[in-house]
Amino acid sequence: MARKNAQAEDLSNVEFETSEDVEVIPTFNAMNLKEELLRGIYAYGFEKPSAIQQRSITPIVKGRDVIAQAQSGTGKTATFSISILQSLDTTLRETQVLCLSPTRELAVQIQKVILALGDMMNVQCHVCIGGTNLGEDIRKLDYGQHIVSGTPGRVFDMIKRRVLRTRAIKMLVLDEADEMLNKGFKEQIYDVYRYLPPATQVVLISATLPHEILEMTSKFMTDPIRILVKRDELTLEGIKQFFVAVEREEWKFDTLCDLYDTLTITQAVIFCNTKRKVDWLTEKMREANFTVSSMHGDMPQKERDEIMKEFRAGQSRVLITTDVWARGIDVQQVSLVINYDLPNNRELYIHRIGRSGRFGRKGVAINFVKSDDIRILRDIEQYYSTQIDEMPMNVADLI
């Protein structure tokens, strides 16, 4: 997979190629899926599989170990959700699949996608995350859950307490594996793995493939199929990107107020770089009598869930947040993203913006830039070979 002499450096830049025997299956119909799963996929609004879905679903369903290098916005969650649902034996009321992810939000998101796609299959899927009631976990797991989606610490705790029985587990999914390692979950992932039956199939999804990840794949996997979704398939296509030049930081606020009526045509997400800025901006918008909701990593879990629920249901139309939201949280109606602050790195840009026009849905992104930000913006533009123009007056017509 990597040239030997590259072992010492970060392997994320090594040419990671898709395995030669990977077939591209162009439609969901051609994947030989269960009838009720297929109906669930179409009911969810999917029409055509994304690049990663065309390549990964079939090998996973066939039981192969798979390493997929893919970022959010590629349809990765639905990729393994569909594969899991196809592989399940719903008549067996035991945990057969375990999904681990780096954040509570993502674990919940995965559960929602699985339940939505498996709506006609009578599937049981439980979320196992910290900050929730232990008794509830025990009751739910006792009842029998086909799939458990959770964060590594809580899942390991449940296995150790023998509340989560692993004897029927046949698949382990590691989503955003690089993020899990960044958050220090390496030990817990290894701990969980040790409790699983030896023949467990492993599916690993990661945006980058640093040495630690490759080390993990060599320990957990047998002859894995590799699937790389190149960045050009992480689309900024169909997303119109603009910038508004402001001379001073304070002027961003006035610009946002001017845009408020445009924002509420659909639903909008506004990104700030810090939690303090989110709180400050939310407060200031409310003082000016604008209705907004906000979310960041310091809020209690319950509150974050509540806010996400309202936003998903369309009860709140403008959400101010930090990058905690940008990874893997999918709200289909969002067609406008505003970077109140330009992100601190190029990858975050596609995580924030690449959400709004998923799978052919159109979107608009507006970047607020001070003069010293223009350089960063041009760098982003070049990196993704995309175009970011000055915002036109009629921006409302584009949304």
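Keep in mind that glycine also has a Cβ here, set from the backbone N, Cα and C atoms.
As annotated in Swiss-Prot, motif 'Q motif' covers the listed stretch 26-54 rather than the other ranges in 26-54, 84-112, 142-170. Record note: among 135-138, 175-178, 299-302, 175-178 is the stretch given as motif 'DEAD box' by Swiss-Prot. Looking only at the motif 'DEAD box' (175-178), the predicted model's pLDDT averages out at 94. Classification of LYS76 (ATP binding site) by DSSP places it within a helix.
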